[in-house]
Amino acid sequence: MRVATYNVNGVNGRLGVLLRWLAEAQPDIVCLQELKAPDERFPAKAIGDAGYEAIWHGQKSWNGVAILSRVGTPVETRRALPGDDEDVQSRYIEAAVNGMLVACLYLPNGNPRPGPKFDYKLGWFDRLIAHTADLIATGIPIVVAGDFNVMPTEQDVYKPERWQGDALFSPQVREAYARLLGQGWTDAVRTIHPDETIYTFWDYFRNAYARNAGLRIDHLLLSPALAPRLAAADVDREVRGWEKSSDHAPVWIELADTPVRTRRRRSGATPRNEA
DNA sequence: ATGGCTAATAGCATTAGA
């Protein structure tokens, strides 16, 4: 089974690209971010015609998340993170689908830093970590996927020295990401490709995609019950080069029906199967 | 280092993104 995450940067403006990618990549479950559309403008018909059932949490102009599935109806378990009734931004949706729990998130950007937007990001991250602690404690297979707006390490940034003061790379935000992974989540792409330079975002400025001046900020995290089934993971980076593309590329994982990997080592060493 | 690009919304400029 293939699970993907894709920040589409406008689900209606990029609908042609999204439908083409769905047809070519054939993902089974897809988490979308940055719909930039209110609920009534979500293109449910076109996505349905492509073979996917969907749930979505939209918002006028900004944000917005959705979960698509062609392997059974996504049964919504939550929309919005707990912990702040005042938060009206559509950045989280969660569903049970095909024997798993799928959490789709769009973590706040946080710039400029410092400031209220950065504080909102840190607060949102703390609420996420509190919620994922509850999720992982259930022991069920879970994927937490989305645009985290965090480059976890220098390996994930084209020019780390230029991003030191940025909200996407600040020590506090990287620490929060590390704290999240410390609960027991597996960063799927980094586990499959421990040493490669891999990006999921290239900005529209200065020919960034052609220069491969990118960032790795879209992630798929697996709970301990699911991590042993991780068979493959990668970025469909060519999609970023398509006409009218998002500034992000889709990221995907392949999950086997049965375990293919040994448990991740506590040391953080690269997991590998025993000989 | 910022924003040279892009979307949405409003209504032909602004806000936000990363």
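Each residue, glycine too, has its Cβ placed from N, Cα and C.
DSSP gives A:Y106 (active site) a strand state. Sequence-distant contacts of A:Y106 (active site), defined as residues of its own chain at least six apart whose C-beta falls under 8 angstroms from its C-beta, comprise A:N7, A:Q33, A:E34, A:N63, A:G64, A:V65, A:S90, A:R91, A:Y92, A:G146, A:D147. The annotation active site is assigned in TrEMBL to A:Y106.
Feature annotation from TrEMBL assigns active site, proton donor/acceptor to A:D147. Under DSSP, A:D147 (active site, proton donor/acceptor) is assigned to a strand (E or B) in the three-state scheme. Note on A:D147 (active site, proton donor/acceptor): other Cβ atoms within 10 Å of its Cβ, all shown chains, come to 28.
Under the heading active site, proton acceptor, TrEMBL lists A:H248. A:H248 (active site, proton acceptor) falls within a strand when secondary structure is assigned with DSSP. Residue environment of A:H248 (active site, proton acceptor) contains 25 other Cβ atoms, counted within 10 Å of its Cβ in all protein chains.
Taken from TrEMBL, the feature Mg(2+) binding site applies to A:N7, A:E34, A:D147, A:N149, A:D247, A:H248.
Per TrEMBL, the feature domain 'Endonuclease/exonuclease/phosphatase' maps to A:4-248.
Long-range neighbours of A:N149 (Mg(2+) binding site) (same chain, six or more residues apart, CB within less than 8 Å of its CB): A:L107, A:P108, A:N109, A:G110, A:K121, A:A167, A:L168, A:V173, A:I217. Annotated site 'Transition state stabilizer' per TrEMBL: A:N149, in sequence order.
Per TrEMBL, the feature site 'Important for catalytic activity' maps to A:D218. Under 8 Å, Cβ to Cβ, and six or more positions away along its own chain, A:D218 (site 'Important for catalytic activity') finds A:T5, A:Y6, A:N7, A:G146, A:D147, A:F148, A:T200, A:F201, A:H248, A:A249, A:V251.
What TrEMBL records for A:H248 is site 'Interaction with DNA substrate'.
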Open item on the list: Can you give me the same-chain residues 6 or more apart in sequence from A:D247 (Mg(2+) binding site) with a CB-CB distance under 8 Å?
Closed with: A:N7, A:N9, A:F201, A:W202, A:D203, A:Y204, A:R240
Task: Stretch-averaged pLDDT - the domain 'Endonuclease/exonuclease/phosphatase' (A:4-248) - done: 97
- [ ] Count the other Cβ atoms sitting within 10 Å of the Cβ of A:N7 (Mg(2+) binding site), across every protein chain shown.
- [x] 26
Open item on the list: Is it possible to get the count of other C-beta atoms within 10 angstroms of the C-beta of A:E34 (Mg(2+) binding site)?
Closed with: 22
